[in-house]
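Peer 1: Would you mind keeping the following structure in view while I ask a few things?
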Amino acid sequence: MGHFTFIGLCLLAMFLSLSGAECYTCPIDWLPKNGLCYKVFSKHKTWFDAEMYCRKFKPGCHLASLHSNADAVEFSEYISDYLTGQGHVWIGLRDTKKKYIWEWTDRSRTDFLPWRKKQPDHFNNNEFCVEIVNFTGYLQWNDDNCAALRPFLCQCKY
């Protein structure tokens, strides 16, 4: 009797733990995180072309938004694993009004901005899109010309 009780309790615990788990499946080679799927692409595109490339996967896909230092650390490791020496990486943040008002393409809140020292600067009044900088270990951000060609990080909800 004790053996069956133990098995029953184990099955109940397994069921309860699984019922609270997120139910989404990312495509192969995409990183699952917080109910979204992320993928870094080594193709070099302008910021706008990268955003359009992300959107082609399905409605709701965009260049990635990052909201915490924990996110930044995890993505820096992910990007470093896939890109070696390929430069900075576009993310979904830009200054559409050109007044230092930074907005995510997915319209999520702008609550985390780990800028490099003396950034953003809108250098030559020509830098309004945001990249993760490779020589900071992909941990800090810089504003750059949106026409620059960069690898990029997409996010999708699957």
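FYI, residue positions are counted from 1 along the chain as it appears here.
Cβ atoms are placed via backbone N, Cα and C, with glycine included.
Owing to the predicted nature of the structure, the values given are computational and were not obtained by experimental measurement.
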Peer 1: Could you identify, going by Swiss-Prot, the member of Cys26, Cys37, Cys54 that forms a disulphide bond with Cys154?
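Peer 2: According to Swiss-Prot, the disulfide partner of Cys154 among Cys26, Cys37, Cys54 is Cys54.
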Peer 1: Please name the cysteine among Cys23, Cys26, Cys61 that Swiss-Prot pairs with Cys156 through a disulfide bond.
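Peer 2: Partner cysteine, according to Swiss-Prot: Cys61.
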Peer 1: Cys129 forms a disulfide with which residue in Swiss-Prot, given the options Cys37, Cys146?
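Peer 2: Answer per Swiss-Prot: Cys146.
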Peer 1: Among Cys23, Cys37, which cysteine is annotated in Swiss-Prot as forming a disulphide with Cys26?
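Peer 2: So the cysteine that Swiss-Prot bonds to Cys26 would be Cys37.
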Peer 1: For the domain 'C-type lectin' (33-155), report the average pLDDT of the model, please.
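Peer 2: Computed over the domain 'C-type lectin' (33-155), the mean pLDDT is 96 on the 0 to 100 scale.
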Peer 1: With a 10 Å radius around each C-beta, find which of these binding-site residues (Asp121, Glu127, Asp143) has the fewest other C-beta atoms nearby.
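Peer 2: So among Asp121, Glu127, Asp143, the binding-site residues given, the one with the fewest Cβ atoms within 10 Å is Asp121.
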Peer 1: In whole Å, how far does the CA atom of Cys26 (disulfide bond) lie from that of Asn142 (Ca(2+) binding site)?
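Peer 2: It is 29 Å, counting Cα to Cα.
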Peer 1: Give the three-state DSSP assignment (helix, strand or coil) for Cys154 (disulfide bond).
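Peer 2: Going by the DSSP assignment, Cys154 (disulfide bond) falls within a strand, counted as strand.
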Peer 1: Using the alpha carbons only, what distance in Å do you get between Cys154 (disulfide bond) and Asp121 (Ca(2+) binding site) once rounded?
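Peer 2: Each residue's Cα considered, Cys154 (disulfide bond) and Asp121 (Ca(2+) binding site) end up 25 Å apart.
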